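Positions annotated as transmembrane segment by TrEMBL: 29-54, 66-84, 96-117, 137-157, 169-187, 207-227, 239-265, 277-303, 324-343, 349-371, 392-416, 422-441.
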Ligand SMILES: Nc1nc2[nH]cnc2c(=O)[nH]1
């Protein structure tokens, strides 16, 4: 009995960071969707809506939010489908999905850096929001506090995340509704219809819309990819509803619902920062709202970082200290980044990450839906065990290198304004096409050394 308890505790701590999620450990679709809503309710998505509306007009912001919902929704459903089938997230899927086990470790590393950066950004936002109210507490102390507080919330993986996000969701809804009601009862800064707001010199459509789409693309890749960390827990019996809910609902909430609320607040209040307008409309409730939304997303940032770092260190350094070690490591790295002021220099890094993540998502979808499923090249399942794999597969690695380099050049403005605005999307198209071309050219030779005979019918993707 004691051993079963220990094992199940161990199981929760590890959360299958390096393995397929087995059937007995899968969860109901609503619990999984609920965890992903922790990401989707973050203030960043409102902020993007407000910012785009104030800078480029509400119609452009609305069209860009619709574009992002459709694009991230399509990629999210695709990735959720393969994650639920295989029980793997994108770190593990990439191994047999065109990258090889060392190639996939490199993508895990870049992915992990992205989440460490986000942990630092969201932690710093919380620290400065609280510092506004409690000026006696120095910002550095608040950064350490908010950096450390997310560690215990992550100790027992998905089962614990589900509980936390479930109790915090009603509080989020109450505070959000209070903010909307209070703002609706205040005299607006902009008196016309929200949808008629267009700043001077801007036009609906054209380059203003393209710039908004460019801003959204920076978020689309990460939102589609992170779905896999959760969708791999979908039960086989709830496959269809689970894939739709986990793949699409977070995208609908973050881009469409939170985006539209952001446009409404931004134009009405003449302010782009929700941390500012929420405090303005509901005072201390606004500060609580900021902390709650930031905590909800930062818990998921830490979770995804811990999975990616487990993956990277497993193969590159053969170092497997357990997922919880990486939870603590990420939190400490994020605190160090906040204290060192690294956040002021993240602009170019975020631009590169936007390109890289969108391209990676497109390559994985091309590999699963076209290479494996349609062309029937390589094994018809995702193999994640190194004994069956080559360390490198040029299909994904070359596609990602080329698309990220070309996409980054475009994003930094070396290829003209048009490609700069659609750089991440441009990189995704290059990655998608190259994956198919290279899989055909290499005849799928580097996908697997050996084929496994323990793969169930359910896990086949073709
Ligand atoms: N997953 C995730 N995506 C983001 N996009 C912008 N900020 C974040 C964040 O903190 N987490």
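Any Cβ shown, glycine's included, is placed from N, Cα and C.
Note: TrEMBL annotation is automatic and uncurated.
Looking at which of 96-117, 169-187, 239-265, 277-303 has the most CB pairs under 8 Å to the transmembrane segment (392-416), the answer is the stretch 96-117. Long-range Cβ contacts of the transmembrane segment (422-441) within its own chain (Cβ-Cβ under 8 Å, at least 6 residues beyond either end) map to 71, 98, 210, 213-214, 217-218, 220-221, 351, 354-363, 365-367, 370-371, 375, 377-378, 394-396, 398-400, 402-404, 406-408, 410-411. Count of Cβ pairs under 8 Å against the transmembrane segment (207-227): among 66-84, 96-117, 349-371, the largest is for 66-84. The transmembrane segment (96-117) shares more Cβ pairs under 8 Å with 349-371 than with any other stretch in the list 66-84, 169-187, 239-265, 349-371. Residues of the same chain lying 6 or more positions beyond the ends of the transmembrane segment (349-371) and with a Cβ under 8 Å from any Cβ of it are 75, 78-79, 82, 90, 93-94, 97-98, 107, 110-111, 113-114, 117, 217-222, 224-225, 377-378, 382, 395-396, 399-400, 403-404, 407-408, 410-412, 423-425, 427-436, 439, 444, 461.
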